[in-house]
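Chemist: So Swiss-Prot says this about it:
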BINDING   20, 21, 22, 28, 29, 156, 157, 158, 197, 206, 207, 208, 209, 210  ATP binding site
MOTIF     21-29  motif ''HIGH' region'
BINDING   144  L-tryptophan binding site
MOTIF     206-210  motif ''KMSKS' region'
């Protein structure tokens, strides 16, 4: 669908994002999401959720899911999110997400979902054995965003297509139910440096919690010694660092480590090269390790402290869920009226 703009959304700006509780968070999550969430809370009304409904599109251990939800919440707070500024909550605690998702399933077209490349990547050769939830995942994502009438969504490369689908669903709903401007057409917040952190063992693969090698990633719960050891053992090449970004781009592992340094230091890659061009990794790695420990070790310490008192975390999540429901309920009530449901 193409955007039509005779009537635009007139509500207040709001940002929404979430992370699945499907494993330990790592440096890629920290630089690609958590740091940006922390910054956004000071600039715009911010809703950050734990995406547990999305997590169960693939099997999750029921005995571990609640604790994994706490771990994501602990990571949010340890990274600098303030529960008094940002609304932090578990997705499953706000039933309006699921209700709006069903309505959107009836608005979205099958052809739109057939074009979603992420389902093809995640289902692989076993599409017939994948859950229906994995296929309709982008529709729930649209409901996550639009139940709060979020106007901005931080996205990486792998989520841009889903945000376009959200815009299509919003536009079609507004048109079908004669409600111009009811839902916003959310804009992407394109993520800058640090948005794509690669494996420490393979510069061509994204850093991932599913990689069998723990040395491929820096976990947020790693100790200072763990962090330093992983940086020291990170894969590199024998050449000194180059002078230009163009040369750096041809060396995947070097490019990744320089990118990590730049993101942690709040610099550009060019600025890092200005300091380290011509120097070998015997000089660069210790500097990167020191910076990574300085940046990440306190986050791990705060996380461990928060997880040591689950009652406090649960209270934060319950309060956030209540606040989220207060924002979501009026939207769903209006949607039901527009659709024409009995009693609405």
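Cβ coordinates come from backbone N, Cα and C, glycine included.
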Chemist: Let me spell it out: for each of the binding-site residues (20, 144, 209), count the other Cβ atoms within 10 Å of that residue's Cβ, using every protein chain shown. Which one has the most?
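Modeler: Sorting the candidates by Cβ neighbours within 10 Å, the top entry is 144.
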Chemist: Could you tell me the C-alpha distance between residue 197 (ATP binding site) and the residue listed as 'L-tryptophan binding site' in angstrom, no decimals?
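Modeler: Rounded to a whole number, the Cα-Cα distance is 26 Å.
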Chemist: What's the CA to CA span in angstrom from residue 22 (ATP binding site) over to the residue listed as 'L-tryptophan binding site'?
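Modeler: Spelling it out, the Cα of residue 22 (ATP binding site) and the Cα of the residue listed as 'L-tryptophan binding site' are 18 Å apart.
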Chemist: Using DSSP, how many residues of the motif ''KMSKS' region' (206-210) fall into helix, strand and coil, respectively?
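Modeler: Here the numbers are 0 helix, 1 strand, 4 coil.
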Chemist: Measuring Cα to Cα, how far is residue 29 (ATP binding site) from residue 144 (L-tryptophan binding site) in Å?
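Modeler: The separation of the Cα atoms works out to 20 Å.
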Chemist: Tell me the Cβ neighbour count for residue 29 (ATP binding site), meaning other Cβ atoms within 10 Å of its Cβ, over all protein chains shown.
Modeler: 22
Chemist: Does DSSP give residue 22 (ATP binding site) helix, strand or coil?
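Modeler: In the DSSP reduction, residue 22 (ATP binding site) maps to coil.
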Chemist: Please name which of the binding-site residues listed here, 20, 207, 209, is nearest in space to residue 144 (L-tryptophan binding site), Cα against Cα.
Modeler: 20
Chemist: Which of the three DSSP states, helix, strand or coil, fits residue 197 (ATP binding site)?
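Modeler: The three-state answer is coil.
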